[in-house]
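Below: one structure, written as structure tokens.
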């Protein structure tokens, strides 16, 4: 690597304070957007309206940033707002004509993302439309996803491997008599790259394999935990429900249909690198052109998958910066009240007891107290209590 390449790499990594600021600014916006969307999740609310509200909020908030920058800075939605209910695994972000509404008692998964200058913050959260504390299998599956996310946060650290996380989250889900859903991938994030080459599998299988890799300092990951009360093997029911796509920049196939060429030109101009929703395209032409674009690899679809009717699926997704002083989780939201459950498994208890931040070396107790008086955050995270469902 040349010295220029090394400098460019450094300027785009967490060693640059400006990069850290952009990640955290994107996270602040998407965390607020999640609150806005949650407030709209009520019985009889139209799902497409909620999705539109989430995306609009992110666009409005990011539009006011870096307006006076000398170079044009891309910013906005990094992943369209999705509202996936009950046994729907994810990626449900319907077209404007869709009449789907939320109902009382629905388990709602919200998935969304924001970026500033291509530095991406993603978040996923699960909420049940009911008053008071949760119970039964709905509570179990949310607790399973949340505890698995807490364990993943402690294992996505320099020196650990992606396979360590895959094995651990499955063990956690089993403690709640739930399954981690197959086919869900957690990716390293880089500037303008939502699906980096370092990948954590939700479930390893002969059909789905990735290279074993080690986490390293100054990397960023979006960790996506999806748990189910069912068998964790979701199915595609209707290809027409797919509305989220991402352009594959490596494909150069010459499209035949005029509608396809029009659509791909529009996508290149408006969504060159981030996933987008077909709602953002001219609907009639999109219907005609998207099929050829997908068939020839120009677009990567994000399909809407389902577990069996009666199953419940919960998601917790977060973005984490692997800083020199430890892991910094920058996206989250507080869960509803869950019943306490004691985890007996010593290995899971051990994972939950791991700190997230590194201890400061050579610091004396007095100095630590002084820092505390000034309101500085402790550099050693509180270990999780394995006897309760600690909430985000």
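The backbone N, Cα and C atoms fix where each Cβ goes, and this holds for glycine too.
According to Swiss-Prot, the region 'Necessary for nucleolar localization' annotation covers 1-50, 298-392, on the basis of similarity to another entry. Among the features that Swiss-Prot reports, region 'RNA-binding' is placed at 48-56, with the record citing similarity to another entry. Feature annotation from Swiss-Prot assigns region 'Interaction with RNA' to 355-372; the stated evidence is similarity to another entry. Sequence annotations record features per position, and here Swiss-Prot assigns motif 'Nuclear localization signal' to 357-367. The region 'Disordered' annotation in Swiss-Prot covers 358-392. What Swiss-Prot records for 358-369 is compositional bias 'Basic residues'.
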* **Same-chain residue ranges lying at least 6 outside the region 'RNA-binding' (48-56) that approach it to Cβ under 8 Å** => 33-34, 36-37, 40-41, 77, 80-83, 93-96, 98, 100, 102, 110, 112, 277, 279
* **DSSP helix/strand/coil residue counts for the region 'RNA-binding' (48-56)** => 9 helix, 0 strand, 0 coil
* Overall pLDDT of the motif 'Nuclear localization signal' (357-367), taken as the mean -> 56
